[in-house]
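Among the features that TrEMBL reports, domain 'Carbohydrate kinase PfkB' is placed at 41-335. The annotation substrate binding site is assigned in TrEMBL to Asn49, Ile50, Asp51, Gly77, Lys78, Gly79, Ala80, Asn81, Glu178, Asp293. The K(+) binding site annotation in TrEMBL covers Asp287, Ser289, Ala325, His328, Gly330, Ser334. Annotated active site, proton acceptor per TrEMBL: Asp293, in sequence order.
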Amino acid sequence: MSNLYKSLKATFKSFILKLKSIKFSNSPPICKHKKNKMELDVLVFGSSNIDYITYVNDLPRSGETVFAMHRERCYGGKGANQCVAAAKLGARCALISKLGNDKLGAEYLEYLKELEINVDHVEMMDGQSTGLTEINVAENAQNMNIVLSGANLMLKATDASNAKKLFRHSKVLLCQLETDEKAVLYALNHFKGVSILNASPAHPDMNLELIKAPTILCCNRLEAAQLTNREQIDTLQDAKAAATDLIEMGAKSVIITMGDMGAIYLSSSEPDLCTQCPAAPVRYLADTSGASDAFLGSLAYHISIYPNLIRESHIIAANICAAYAVGHRGTQPSFPGPELFQERLCQFDPLYYIIDDDTGRDLNAGAAAEKTATAPVAAAEPAPVVPPIATPAATTSPEPMTTAEEIPAALADPRATGSPAAMIVSAGVAVPAAVTAAKTTTASGKKAAAQISNVNQMLKTSIESSHSKHFNHQ
């Protein structure tokens, strides 16, 4: 009996060995599998901080003492924030950063690993403390920040050089200015894909090479004013003038975020065509501290997933994610995830506006809009005006909620087709292209609009469902 068992065992082992030796034609090569595993959507070179967020009724003036209502601790730092924002949307991300060799640094590293972010080049530095950020948030959601860099100052050009594999296999690189500028410039110059520099914090004496190096230079209106030696930027025309100055300084393309006016975009390839992508509606204004990083992370994610779409598509999607973050407290906790159907936000033509050269007023000033030279002549009618978004009434203790409501449908990109789908904005007034072209919309165009309406309904239903589940758990 024992001999029979040994014989069967030997026969079975021989069969297994022969089976392993067979080369199946449909089996993928091992090297190809490893290459796919190495590919990354977003690579971030930047800071990692611990955020201490204090909520107050009003921000203190110089010499004034105010009482806080609540304080919380979050993981932060502009570099890590933007990396987490992209990762929560589903991007394959890697972070190059420095943490202190302390308890906070160890906890942060474990947290990043839980999010499945590649942390092979996140180093804990002996003798250094993890960076800290003090954030004060007022009741009107305005905030002021103080950063203690700590270990972030140890991030150098050699760290970018040591991460050559990550640089080769990543689609988009995100950088900021909370770390050594020379290291940031080295990283931008040695990346071959789409690079984005968030020029924050900005200053007038910033190295001009930092403006020239990235594919996209992104900043808010305050930072754009600092970079172009302006007192302030209030209107869309102000933003266009600042973007034009940055293009003349060598920038390849510029995005300036304008708060409730959305963002403007200008490219050196089309310096006469400055577009405005409107902001998404915000149902409840909770905390703006994470909005810019939510915007940048989403922008990088959508560029990596949809590289062939026009930039306005990516910006509109990023605006929706930023609006979601504004409606929730905290920095990284406020970032949206796949519940917002992020994979669908870029699949339709965006509705954006072209800004003219006239001296402008505010976005909701109500001046008439002029049509492009290629637009058909129409009877004299009052130009449609986008009304201001009403501010919701304050409640005693509202649950932070926001939703990216309707994603407006637009016609084909006028730069590609020469059609009057987008209109010039005169005196800062945003006029939807689809309004004047509605009479000539084809059947296929109406079908696309209907599909977008369906996606909008799915979006709203998903958000309402997620909030109802949240309340039930409470």
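Backbone N, Cα and C atoms are what each Cβ position is placed from, and that goes for glycine too.
Note that the coordinates shown come from a computational prediction; the quantities given were computed from them, not determined experimentally.
Positions of TrEMBL features highlighted on the structure.
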residue: Asn49; record: substrate binding site; Cβ within 10 Å: 32
residue: Asp51; record: substrate binding site; Cβ within 10 Å: 23
residue: Lys78; record: substrate binding site; Cβ within 10 Å: 28
residue: Ala80; record: substrate binding site; Cβ within 10 Å: 27
residue: Asp287; record: K(+) binding site; Cβ within 10 Å: 24
residue: Ser289; record: K(+) binding site; Cβ within 10 Å: 27
residue: Asp293; record: active site, proton acceptor; Cβ within 10 Å: 30
residue: His328; record: K(+) binding site; Cβ within 10 Å: 20
residue: Gly330; record: K(+) binding site; Cβ within 10 Å: 22
residue: Ser334; record: K(+) binding site; Cβ within 10 Å: 26
Fewest-neighbour residue among binding-site residues, criterion Cβ within 10 Å, set Glu178, Ala325: Glu178
In sequence order, the binding-site residues (Asn49, Asp287, Ala325, Gly330) whose C-alpha falls within 10 A of Asp293 (active site, proton acceptor): Ala325
Distance from Lys78 (substrate binding site) back to Ala325 (K(+) binding site), taken between C-alpha atoms, in Å: 15
Inter-residue C-alpha distance, Asp287 (K(+) binding site) and Ala80 (substrate binding site) (nearest angstrom): 18
Environment of Asn49, Ile50, Asp51, Gly77, Lys78, Gly79, Ala80, Asn81, Glu178, Asp293, the listed substrate site - residues of the same chain whose CB lies within 8 A of the CB centroid: Gly46, Ser47, Ser48, Tyr75, Gly76, Gly131, Thr133, Thr331
Of the binding-site residues listed as Asn49, Ala80, Glu178, the one whose CA lies nearest the CA of Ser334 (K(+) binding site): Ala80
Asp51 (substrate binding site) and His328 (K(+) binding site), Cα-Cα, nearest whole angstrom: 15
Neighbours of Asp287, Ser289, Ala325, His328, Gly330, Ser334 excl. site residues, C-beta within 8 Å of centre, K(+): Ala286, Thr288, Gly290, Ala291, Ala294, Val326, Gly327, Arg329, Thr331, Pro333, Phe335
Model confidence over the domain 'Carbohydrate kinase PfkB' (41-335) (mean pLDDT, whole number): 94
